[in-house]
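**Q** Sharing a structure below in structure tokens format, with a few things to ask.
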Protein chains: 2
Amino acid sequence: MLKKKQAYTVAILGATGAVGKESLEILEERNFPIETLRLFSSKRSAGDVLSCQGKEYKVEELTEASSFAGVDIAFVSATDTISRDYGARLGATGVVVIDDSAVFRMDPDVPLVVPEVNAAALRSMKRGIVAIPNCTTTPLVMALKPLRDIAGIKRVVVTTFQSVSGTGSAAMDELVDQTKALMAFQDVKVQVYPYQIAFNLLPQVGSFGDGGDCSEEVKIVQETRKILEMPSLRVTATTVRVPVLRCHSEAINVELDRPLKANDARAALAEMPGVIVYDDPVKKLYPMPFDVSGKDEVYVGRVRVDESITNGLNLWVVSDNLRKGAALNAVQIAECLIQ
Amino acid sequence: MLKKKQAYTVAILGATGAVGKESLEILEERNFPIETLRLFSSKRSAGDVLSCQGKEYKVEELTEASSFAGVDIAFVSATDTISRDYGARLGATGVVVIDDSAVFRMDPDVPLVVPEVNAAALRSMKRGIVAIPNCTTTPLVMALKPLRDIAGIKRVVVTTFQSVSGTGSAAMDELVDQTKALMAFQDVKVQVYPYQIAFNLLPQVGSFGDGGDCSEEVKIVQETRKILEMPSLRVTATTVRVPVLRCHSEAINVELDRPLKANDARAALAEMPGVIVYDDPVKKLYPMPFDVSGKDEVYVGRVRVDESITNGLNLWVVSDNLRKGAALNAVQIAECLIQ
């Protein structure tokens, strides 16, 4: 755990990526007690200058020779390889690593944390590493927790609508570039995704294994169970990439243990820290990526009793995948650890 | 029913709309026996000249005074008001009306038909009107029918990803115009939808009633029950508009009565006329709007056993909403009626 200090030396591995840049903004907005900041990236972006809390920092190239002496907290949001290569090493040398990859999430010695849901799990940290969940799992468990607490959960069917920023900056550029090309009747270049994403849908997030699920679907099931501490919770997921730049949306169907009226579900959700209920469809008020981009909270709308099953409930959840889905959740974990 | 003829006089009400134009193409492609064609539109498009089967036809303005003498079959795909005002009147005067609106679908004297699923229902036509289902219901029942026949269906949870062409030509223009404006950093104009659709998602299709469901969700439930002749089938739907021009996609979770392996489900689906199983995710083969646009068949992929429930199955279905979802289905009904 972290020694109590006035201010901390913070490293960001992957500082120039979509999540890294968001982390800098969030550390500044939340006035995180930073003594000094070390920013790391691949060779391509090394030398860039980024600012945080009124100071400028030059981005260093991350190499085998990089020294992390004096670093208290490292936010790692780069590639699985970087997490694997540096996460365990840093964790073992006394740095608290808050890791955004899937590498450590299911390790029983690594807490997988959404502070509003399971901050207590931080006590079980054994390797100096805390993992943050996949950016679709976080809003899901934020919505499920208050429902579980009030009515119990039997089964969850979730369908995701995931923005391209979940893949990173290059995917955001690809969507914009493809869109511009199509508007100019030019050929579309496909690099990040296997197919054109502009004006299209890809029913694949991550890669496919033998079972027919893609890796994102497996992550949602496993991570939800771990975070909610319900190892046999019944969850099925279908994950779809959509031509949206920012925010992940989810259609969630829940079978509860006990009856719950829509109004009571809304009340329970509204009491959940970090959740905003935005739900008056007759007035056309429901969460949309367009509105939720840049917001910290998980927005929940379209709360409806599902009459097709006893104790059924439908929800529509939208969350900024770069904020609560990644950078914000990581910074909130750091805030818990320094309290 | 229709008298047997060598060729028929066909009217299209809404000839210049997205579905109307598709109807002309399909009548030509399928070499439908047309004696003569009468094309109707609102004042705005009247006078346009459209061609079909090598002949040119001038679009007439649809007015109270329009005469339909000699018309055998009328395809109606305009507004609910046009269907209400002209459908019943034409049906009562001996014209066979094939109607694309929601106005008559739940009328017990009006068959609601997807020929591959329930062509026999055409025998129950009493008002001279046949309704075609909503463009999300058609692919859903096409996928459900073979599964029901082989393993029975207990419950369906469906989440839709609906393209803007389901709303019509003006919505397609709106998505393109908004996209162009955003790419040029200009303000976006919102006219057809309540909010910007470009790079956004709207969890509303149709209008909201008291129950919290939007009208599209209610249609899916009611129409699926009527077409499958399962009046108490348990169905819940969440319908979402996505920034895609053409094709509706659906994530379908089915609880079956009896166990069904994924391969057996694929085999049953592959035998269904009008369905193509396109499902090898490891090779990145799955249906996408981009590929299915302009296709007649309903494409099914991502067939997976859902382990979260006994006898569960997940499917991903993509269908061209203007073809099988509308114009093609209507022409197929006409083909059944003249056989």
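Heads up, the Cβ atoms here are built off N, Cα and C, so glycines get one too.
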**Q** Among A:Asn321, A:Asn329, which residue shares the NADP(+) site with A:Thr16, A:Gly17, A:Ala18, A:Val19, A:Arg44, A:Ser45, A:Ser165, A:Gly166 according to TrEMBL?
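**A** Looking through A:Asn321, A:Asn329, the residue TrEMBL assigns to the NADP(+) site is A:Asn321.
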**Q** I'd like the number of other C-beta atoms within 10 A of the C-beta of A:Arg44 (NADP(+) binding site), please.
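**A** Looking across every protein chain shown, the total is 9.
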**Q** Taking only same-chain residues 6+ apart in sequence, whose CB is under 8 Å from that of A:His248 (active site, proton acceptor), what do you get?
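**A** Residues satisfying the criterion: A:Cys135, A:Thr136, A:Pro139, A:Thr160, A:Phe161, A:Gln162, A:Ser163, A:Gly166, A:Val318, A:Ser319, A:Asn321, A:Gly325.
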**Q** These are the binding-site residues: A:Thr16, A:Asn321. Which one scores highest on other Cβ atoms within 10 Å?
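**A** Per the Cβ count, the most surrounded site is A:Asn321.
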**Q** Per DSSP, how many helix, strand and coil residues does the domain 'Semialdehyde dehydrogenase NAD-binding' (A:9-125) have?
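**A** Counting residues by DSSP class gives 35 helix, 33 strand, 49 coil.
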**Q** When the number of other CB atoms within 10 A of each residue's CB is tallied over all shown chains, which of the binding-site residues A:Arg105, A:Arg241 has the maximum?
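**A** Answer by Cβ density within 10 Å: A:Arg241.
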**Q** For A:Ser165 (NADP(+) binding site), what is the secondary structure state per DSSP, taken as helix, strand or coil?
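**A** Note: A:Ser165 (NADP(+) binding site) is helical by DSSP.
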**Q** To see if you understand the setup: which same-chain residues, six or more apart in sequence, place their Cβ under 8 Å from that of A:Ala18 (NADP(+) binding site)?
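**A** Set apart from A:Ala18 (NADP(+) binding site) by at least 6 residues yet with Cβ under 8 Å, we have A:Ser165, A:Gly168, A:Ser169, A:Met172, A:Leu322.
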**Q** Would you report the average pLDDT that the model assigns to the domain 'Semialdehyde dehydrogenase NAD-binding' (A:9-125)?
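**A** The average pLDDT of the model in the domain 'Semialdehyde dehydrogenase NAD-binding' (A:9-125) works out to 95.
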